[in-house]
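Features reported for this protein in TrEMBL:
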- 1-22: signal peptide (SIGNAL)
- 31-556: domain 'Carboxylesterase type B' (DOMAIN)
- S223: active site, acyl-ester intermediate (ACT_SITE)
- E360: active site, charge relay system (ACT_SITE)
- H488: active site, charge relay system (ACT_SITE)
Amino acid sequence: MSNLVELTRVAIVLWFLPRSLSRNVHHGDHLAVRTSLGVLRGVEQTYNGRRIRAFLGVPYAKKPTGSRRFSLPEMVGPWEGEMLVQEPSNTCYYTIDTMFPQFPGAEMWNPPNELSEDCLSLNIWVPEDHDGNVMVWIFGGGFVSGSPSLDLYDGRVLAVEQRSIIVNINYRLGSFGFLYFGGQSLAPGNMGLMDQQLAFKWVHHHIGSFGGDRRKVTLFGESAGGASVTSHLFAPGSADYFQRIIINSGAIINNWATKSKDVMLDMSLILAKRLNCTNQSIHRPLDDVQYILDCMRGLTAHAILREADMVADALSLPLTFPFVPVDDDENFFKGSLIDKIKNRDFKKDLSVLLGTMKDEGTYWLPYYLSRFGFNFNHTLSSEDRHNQALISESQYRDSFEAFLPYFGGSQLVRHALMHAYERLSESEKKPERLRDGVARFVGDYFFTCSIIEFADFISDNVFDAVFMYYFTRRATSNPWPKWMGAMHGYEIEYFFGLPKRLPHLYNQEQLRIEQSFSKKIMDYWGEFSRGNPPASYWPKYNRITRKALVLSEELVTENSHHINVDVHGKQCRLIKEAEQAVRKDFYTDDLYKAQFQEETSKSGSNYNLPAIPLVVLLMILQSTL
């Protein structure tokens, strides 16, 4: 009888032991979280006296190395014991910016940690009093650079201020994420976007273990991150994983965001040839793809990155990147992106917040147009005269000439654009007007006009509200010359709360304004992510009125708000007319192929720039007068 009692006691203990351990993991030991895959042990962080649990470098996919290099991602499997997740996610391979060494305006975007192919992981911040709201961040960088672990993207302040769980995801970049040898190959293109989708799936299945609600997920991203966010609207496999999106300065319809299958195949073959993995000329049917991939998988990541950079250098056009999403595939879009847009075939049950910076174009000028007077000497004061880009009329003309291949090489288009953009500057000084005209054109053509076009499209079709902003505040921490204004990427520090976490970076006389403005932006983002209007005075966007809330310091200094109507509309209409005057298929194929004349001539192809009817260009020019 005593043996029976003892066995019963043991059985009861064993019955309750797993439940006791589970409770200890969740409650007694607050830094350990049990998921269905295993236990994750994070690290405690603090902000403003409040505790945050950070789970850094959480793997969501198997290592994309060896035979998995260039392949679609595979979900990570379960593990035994505790996994320490206390160091930020590794940075996926990309080339570090060395243009301006030690200059904060360049170094802030460089990776803070190890470059590794073992990079498919997440950084997660969980505040102690969260309400289950989840915000998933996708970083930008033209699909060729970036890291979820930049100090700029530290999620602790946003997490605490908005009582939300913040998740930063990582994805493969450049050729590692976007090599394309055909949809049926083991390098089917869009692997980087499929990485993102798998990260969303991981969040969907496991965020509940952290207290998150998978029915309350907002995606937000900037530049290529914004393009990524919008791409998931057209990806059937992503539709169940989010309810709202926030888009900063990027959309999948940006001209730099995608390329056709033919162009991506050519780019990939050129890289393979540079790596001595094929002798095949471009524009030919593929021979042995398996041999090419086996060869490329046997090389070091550094070797691939070095040669991919050479392919990028051969692209003479500004702001073009060789390895980006392919616009027609079998795994991500599951069809043609262009057809999906035409047929309005995308996720519509969501609300949207999107916007653009006042000075989107200035950041790119020292990188792409330095030979035309936009050179920047980082060893001098940013306000030194040599860093003011006071260009001449000939440099103004040459700057626009650099972009003419986008418009079929037409001198009439150049003349119309030059005439229209010189008149936009508020300066009375000719060199400054010319400088500002180039900057405004670059921002409009590569960012602002596409955002407006996407806002028009999305507001006509989604079931919920669309809100647009126009960001005009320049941070006092910005190390670039003041003439560069409210630059591309410089809104990020406000919605991640940098003025509150690193106040020493800001002008101390304006610190209160900086912190109040940051809090205001975080509140807008947080309210929207919960399914509410960002503010009662923020009008809904539609293509008729095109109203956007101006995000400026007046929101906090004067407790007032301003509405901008038809942001950059006249110039965007001019650009659209010029584009439509050029044969459409030139943009998708010929524009890139024309940059590889040597490769093209080997295949016997001949690409000629299309002519633009004189009468059309005269009409365009007239519209600027």
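All residue numbers here begin at 1 and follow the chain in the order shown.
Cβ atoms are placed via backbone N, Cα and C, with glycine included.
All annotation found in TrEMBL is predicted automatically rather than curated by experts.
Not measured: the values here are computed from a predicted model.
Annotated features taken from TrEMBL, shown on the structure.
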residue	record	CB count, 10 Å
S223	active site, acyl-ester intermediate	27
E360	active site, charge relay system	29
H488	active site, charge relay system	24
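When pLDDT is averaged over the domain 'Carboxylesterase type B' (31-556), the result is 97.
H488 (active site, charge relay system) sits 5 Å from E360 (active site, charge relay system), taking the Cα positions as reference.
The CA atom of E360 (active site, charge relay system) is located 10 Å away from the CA atom of S223 (active site, acyl-ester intermediate).
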